[in-house]
Amino acid sequence: PHTGRLALYLLGLRATCPPHSPQRSLVTWLKYYLEEDWTGSRRHGHPLTSYYQYGLGVLALCVHHKRVREEVIRRLLTAQHHGRLGHAGNAVDTEAVVALAFTCLERRRLVGTGLAAELQAAAHGASKSMAEAQGPDGIIGNIYSTPWALQVFLATGACQTEPAFGRAMAALLENLEAFGTTATMAQVLPVLHGRSYLNIASMHCQEEPDTLTPMDIEPPTEVPGNKTVQLVVECPLPWCYELRLYDRPVPVPAAASLLDVLWAAAALEPHDFKFHTQDTPQGPFLTQVLGLEARQEKRNYWQLLTAPNTPLQMGIADYKPQDGETLILRLSEW
């Protein structure tokens with residue numbers, strides 16, 4: 001099911017103040033995808049897509065003032081109560097999306113009084129756990145999950161009393177260059193205006209003059225020279241025949257990203273090094289390395305680290321390693 005993508009589209013459509021309300025068929029499709037995800041959850045114990053996409057679907061329906069079956073909502077509540085919403089930075093993203101959905105349902109009065117109280121308590125609990133997850137640099141989870149956490153602070157009113165809000169906002173302002181894709185910009189822009197996705201639901205749309213003008217963006221300057229990156233592939237899982245599956249130096253141009261490093265490794269040894277990616281709104285996502293596939297239903301993923309054990313804060317297309325840096329692709333469970 002394309003739950004997450006359609007949910008983001010409906011959120012964006014609502015935010016643009018279209019002259020006519022979106023076609024009912026889009027909302028109907030989103031409800032259908034949520035039911036498809038629910039079927040997968042009943043069979044596998046989790047949604048076919050992810051709790052992140054599932055939560056986005058509920059949030060988008062709420063922003064469009066549509067009711068959601070209580071069974072669907074309670075599936076999210078149960079997942080939150082049992083700590084099943086994700087891993088590392090991904091957990092912050094998912095918990096934030098779910099908390100925003102809960103707050104929207106409670107504020108829009110789309111659920112009964114008893115359930116509304118449960119949702120409010122769950123959202124405030126998520127806000128506290130995000131504050132506790134804040135690192136010494138102010139980042140919550142990773143730089144891309146930080147705007148989601150800030151949206152929760154804004155939506156729940158914790159921004160006025162939670163010290164983590166100010167530290168996270170300062171960290172965000174110091175790292176704005178990381179938000180270069182449409183999807184990541186969409187997450188950070190509301191926060192920079194002191195808003196969250198919940199504000200979309202209560203917008204008073206009116207005719208506005210077309211004042212948007214295209215930006216004159218200069219092409220990035222070429223960085224001369226070359227660099228060498230040590231590329232390591234690890235599989236610490238019990239069923240792997242050895243821990244370190246690949247460990248080679250890879251020469252690349254000085255401006256190369258991690259994705260460029262992977263392509264260079266594949267060009268150097270086409271029979272030994274192979275990888276696959278999947279396109280997502282946030283950019284390419286690493287799904288397979290050396291024939292080992294990270295799969296949602298197996299609850300594993302390719303973790304990106306810089307040696308010895310520091311998780312990367314950017315995706316493979318955005319991160320640009322330094323000369324001599326060791327990068328580790330580690331198949332991990334969550």
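First residue shown is number 1, and so on along the chain.
Here the Cβ of each residue, glycine as well, is placed from N, Cα and C on the backbone.
In the shown protein chains, 25 other C-beta atoms lie within 10 A of the C-beta of Tyr51 (cyanocob(III)alamin binding site). Among the features that TrEMBL reports, cyanocob(III)alamin binding site is placed at Thr49, Ser50, Tyr51, Tyr52, Gln53, Asp93, Asn142, Gln187, Trp302, Gln303, Leu304, Leu312, Trp334.
Neighbour density for Cys104 (disulfide bond): within 10 A of its CB lie 25 other CB atoms from the protein chains shown. Residues or ranges marked as disulfide bond by TrEMBL: Cys62-Cys104.
This prediction places the mean pLDDT of the domain 'Transcobalamin-like C-terminal' (257-332) at 87. Marked as domain 'Transcobalamin-like C-terminal' by TrEMBL: 257-332.
Comparing Gln53 (cyanocob(III)alamin binding site) with Cys104 (disulfide bond), their Cα atoms are 16 Å apart once rounded. In this structure, the C-alpha atom of Asn142 (cyanocob(III)alamin binding site) lies 24 angstrom from that of Cys104 (disulfide bond). Broken down by DSSP into helix, strand and coil, the domain 'Transcobalamin-like C-terminal' (257-332) contains 14 helix, 31 strand, 31 coil. When the binding-site residues Thr49, Tyr51, Trp302, Leu304 are ranked by how far their Cα is from the Cα of Cys62 (disulfide bond), Tyr51 comes first. Here the Cα atom of Leu304 (cyanocob(III)alamin binding site) is found 34 Å from that of Cys104 (disulfide bond).
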